[in-house]
């Protein structure tokens, strides 16, 4: 299907294009890849770039520290473990601080409102409530919008994209970290229906990435040892570990954290990494335990023993946690409900996000206006709906619910007389963690009125969909857990005596099914629920419910994170090939024009090509007199070329560097280390005189002599497997026959994207090889072009 | 470093070798790879073969079911889940049956001995004990030696090798399964110091592999649907799932099972596989729970509630499970002890295995004699050593130990008067599970005498080292857990009041540290211990102890399974490249002579090459008139060539098959499916007339047109990454320049083995790139050549 390649050495072609530099080689392909290099990161469009997990092997430097001297190896290993420990400690501290702040700020607010309600100052209570919520959310939104847009949203899609090999500036900067923490505290305290788990994942990843930046040259906070981490592979490992630590801190689930990172976030994994990640999450668990013990005597204000999410249902009511074979139908019912509601949730969320994005694109003021609207709506719901609920007398029969009703923080009187409680207010006017704890409590079947549960379910579902898109650090997990628990209880209430299961237990299953139906995680959901509830016996039920909800929901749409990834235009590369990729060869999709360099190249040509193209790597071809026939020498990176140009180690004639040149340390390996995220040289930084432009450089010492290659007749599906499994950024395509240039093109991540492939071969669109995915891709493409248009015009 | 390639088209060379068929292409390389194709599988040397995880893409058939019709896809998915469910159910049942049998047989034996002891018939008791042990072990050894040698040992190394891509006939056959189950019951019942966890892993893998065989043609137990699994990828997935299910059944640890398979066994993993594996282990857990409930009312004889390993320490003595910062030194002490003892254990085990292997190689009678010797030694130890222990009165102060002492099965009176117990006998004359439960019991600091603990530790350590090599299905886990628990308690006793930790808790830590020091698993050990003890709070201590013991022990030697793998000569391919591999190119190690075929080849040539070489794949090169210049068309497998020859679809002239030929279904895709383990055609099965030998076949429809290729100047380390990550069996090496044959060689697993590489380039031996590994490789090589020699001479 590929059009025949034109021979780049054809004389007449060279004559036609006079302006083209003599030594440059350009292979014209029929197609060019015009995939967008811009994606939504956080709440703003940003340029994105691929990461390079390949080990660059060239004469000059070797990124693999394990092959260095014994001392280097030991330093590297010690440093890696130290980083793991430090990431664990810091993530644990941050997790604690966020919880402490939320519990205190939010608790103070709720108590003040409750006190005002008790003195029947209802309007004052509302104005205080709505006003403080608005202030908190506007604070969160403004710092996100104006200080660090990359901190918006949950951050999990960005982390997932990074671990898949897509980098964007600022997603892991110091500023993003600070805004994420402060903004999340404010957003959660503002009673907005968002969680803190997603932002914790981003925070953990951020902390890890800052360690991996190798210090800061700007603030002279660097050291030679940190060099070991100045490459994408080690940074990827650290970010994986950090993300797992974030989950562990959010749920106090060390095993669940590792599995979450493994199952949902990471695209590459090694056995050693599991262990490091597990070590880090255990450190997190220990740190959190330490702080909770410190706070045990009430020294932390409102932050009590249950400050972190943890619903220990095993020890108190163990006899209520029983189930039998006859309970299977209710489990299936909960699972299917979760799938239907989850699929719909994802669908609605996408619609809402699309509208929100269009509003947010218009500028900072619009962002704040949207946030204010959502905040006021939320305040009205949260404060208004409990009025619908009837007052219920506190049970006095000594049942478990009895104690809970009289407990200070868990149940709310709202407008009710003393000795009564308002069940809706107990759910609405509490922080989400306490609301979940209320719903999970066993032996409380008679505490909630079905009408209240329906109201709360509708409000929680609706607010969940409406709140996430607000420009502020906001998580998805906790609202989903809460909504799921609500309909779990509803199902249990509807079945009434037909089910022998405790309502609290069904609430847990409801949460699991809704997580399965929206986020589509499986193992990690089970293990997180297991660790949250500290009850191994629940496992089979939770598994069954998640299995059902995920399987059913998968027939509607993708997981919420994948949908957000697509909406954001982040080019996530799946591990499995799409069926139509088997019908194509590599030659069918490789895009042009290809620019390559000679082994010894004129400086002017390099500068020209770097200026006129955006490519990040160029094949190096040795031609006579350096080799008898044109032969592929390797691949040279743009970043390395820029370093070379800045060094100005030029040669007057086209010849190779003398051996002493390299040996004498004129090039330091350090100079070629990958710099931190978003810190790159550009060709605009290079200013050369016209004399220098006429000189030559020897590219051989810089060239990666072992690039991975595929023959152009290789099936695209198998090339994708290679690209993805080995973690490449550039894959060289070599021609099958020898009668042409030794290299036919370069494949990058974008060449494997469905939009590009199906754009080149629209005939596949109607074929049976196509999957549902393409429609989604089209939407994403549309959105992306919209984004570009807005960008360019505003 | 590579010697220049000889041009295979040189005329004079062709003249020199008159006997070589005209159309055959042979590329002579300076080196040939004479790595052993034989390894110890179970207890006998067997031929081994690599597995092929690559998707074969050719005109004729496509192994990827996901690209087939909707119906095929649904069938495939449904079948896969059904298999997972069935594997879970069967593994659960087998796990239960093994436990039930062991508990009853062993319990009956121990009770009979105890009864005889109480009537002071000491000698009768001994003869009964030693005699029954001998009979049991000889039964286990004979069926292993004479019925299915592949069932010997734990089977974990074989499973690990299979999942790495090394197949051996019979490791997963029906017969092996039966012998493994029966032999393991007998071996464990014979009081031999071996466990049932390792054999459970093999059993689970075996059950899974039998599902993946696609039924049995011999017994007409097959169906078209089962075809979907007739390839190595799907079988690998099933075996991974089965192995995880085995661990889950052995320890009732569903999460631990998945993580064990992921961390220790599997070389490739996908996110979807985690979920399937987890589903299967959950089914195992449910099945076991069901059976245990069924047995609750005493209907299963001696099999009580604690029949399976599970030491639920959380619910009973929760207050004893506390620890503080000041307990860290004791944890470190236990960790370091575990590392030292573990490293020594591995070292001694290797020495003993080497001696045992030499004995076992001499024949069946020697195997049985060795087994008998070990059995008698064990009986003497187990029965003799308790006489050294003083009788201790049962405590009557109502402490937890009080109840235990009077419980029927857990504590033994042995020679003591009523109301007393013999602590050594309570450990020796119980099944290992009960002994572990005794050691893990909290609040029992005063139950054991330090002298008894030392005796038991030495005996347990020594018998563990001596027992594993006996020709019988035997596991390593349980002896290691038991030995670890013993020295854990010893450490706690030595420290006495300096430690605030409960002795039972330190015993658990001891087990963890010894597992970390021998098996070197990390995450899965932690999770298994967590699930065994059902106490999440232990996690930080267990992690710390495993981290220390693994790290320290790693500086001595490899994990016991890796050592056994090397000793057995199974070519396990590590994921990371050795440092010296970066100094070599692919061209430096590729071995010859290479045989390739023309696109349309003479039948006689194919037969000749298949007869004279053992290669499993051949490059197909199109030459004039089929292409203007010699060009690589793809790779054809020996198995497919054999099918083609058996079909006898020959052509009279060298031309391509007409299109109708393929379309008319003359070749059925089914014929080319990978057959079950060990069931292969050989060239000896093909009998052709001399007329047929002169005819031609068109190899194009059979050829995999998208083989992975590397350029000969590619660094060996990076080629290994490709080979390993993508899961290849054959990797084509293409020349850099175009002046030679279009293919320079084929790399297989054996070309990446240190023995081969360092044999070719002995200069690397002295270099700083070399690692410790080579010495081990040398030992393995020595052993392998010994094996070969014995094979050939006997």
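Going from the start of the chain as shown, residues are counted 1 onward.
Glycine is treated like the rest: Cβ placed from N, Cα and C.
No curator has checked TrEMBL annotations; they are predicted automatically.
Look at TrEMBL and you will find A:1-20 tagged as region 'Disordered'.
Feature annotation from TrEMBL assigns compositional bias 'Basic and acidic residues' to A:1-11.
Listed as Cβ neighbours of the transmembrane segment (A:78-102) (distance under 8 Å, sequence separation of 6 or more from its ends, same chain) are residues 181, 184-185, 188-189, 196, 199-200, 203-204, 207-208, 211-212, 225-226, 228-229, 234, 237-238, 241-242, 245-246, 248-250, 276, 279-288, 291-292, 295, 300-301, 303, 307-308, 431. Summarising the annotation, TrEMBL assigns transmembrane segment to A:78-102 (among others).
Same-chain neighbours of the transmembrane segment (A:122-147): 42-43, 105, 109, 112-113, 116, 175, 179, 182-184, 186-187, 189-192, 364, 367-368, 371-372, 374-376, 378-380, 382-383, 415, 470-473, counting only residues six or more beyond its ends whose CB sits under 8 Å from a CB of the stretch. Annotated transmembrane segment per TrEMBL: A:122-147 (among others), in sequence order.
What TrEMBL lists as transmembrane segment is A:238-261 (among others). Non-local neighbours of the transmembrane segment (A:238-261) in the same chain are 83-84, 87-88, 91-92, 94-96, 159, 162-163, 172, 196-197, 200-209, 211-212, 229, 269, 273-274, 276-278, 280-285, 288, 308-310, 477, 521, 523-524, 527-528, 530-532; each lies 6+ residues outside the stretch with a CB under 8 Å from one of its CB atoms.
Outside the transmembrane segment (A:273-292), and at least 6 residues removed from its termini, the chain residues within Cβ reach (under 8 Å) are 80-81, 84-85, 87-89, 91-93, 95-96, 237, 240-242, 244-245, 247-249, 252-255, 257-258, 261-262, 305, 307-308. According to TrEMBL, the transmembrane segment annotation covers A:273-292 (among others).
Within its own chain, the transmembrane segment (A:330-348) is flanked in space by residues 461, 464-465, 480, 483-484, 487-488, 491-492, 495, 498-499, 501, 506, 509-510, 512-514, 516-518, 541, 544-553, 556-560, 563, which lie at least six positions past its ends and keep a Cβ under 8 Å from the stretch. The transmembrane segment annotation in TrEMBL covers A:330-348 (among others).
The list of residues near the transmembrane segment (A:368-389) in space but at least 6 beyond its ends in sequence, with Cβ under 8 angstroms from a Cβ of it, reads 125-126, 129-130, 133-134, 137-138, 140-142, 145, 190-193, 356, 359-360, 412, 414-415, 422-425, 428-429, 449, 451-452, 455-456, 459, 463, 466-467, 470-472. The annotation transmembrane segment is assigned in TrEMBL to A:368-389 (among others).
With a threshold of 8 Å between CB atoms, the same-chain residues lying at least 6 positions outside the transmembrane segment (A:507-530) that come near it are 247, 251, 253, 255-256, 259-260, 262-264, 311, 313, 331, 334-335, 337-343, 345-346, 436, 439-440, 476-477, 480-489, 491-492, 536, 538-539, 541-543, 545-550, 552-554, 558-561. Positions annotated as transmembrane segment by TrEMBL: A:507-530 (among others).
Taken from TrEMBL, the feature transmembrane segment covers A:536-553 (among others).
Among the features that TrEMBL reports, domain 'CBS' is placed at A:703-763.
Mean pLDDT, taken over the domain 'CBS' (A:703-763), works out to 86 on the 0 to 100 scale.
For the domain 'CBS' (A:703-763), residue counts in helix, strand and coil come to 24 helix, 12 strand, 25 coil, using DSSP.
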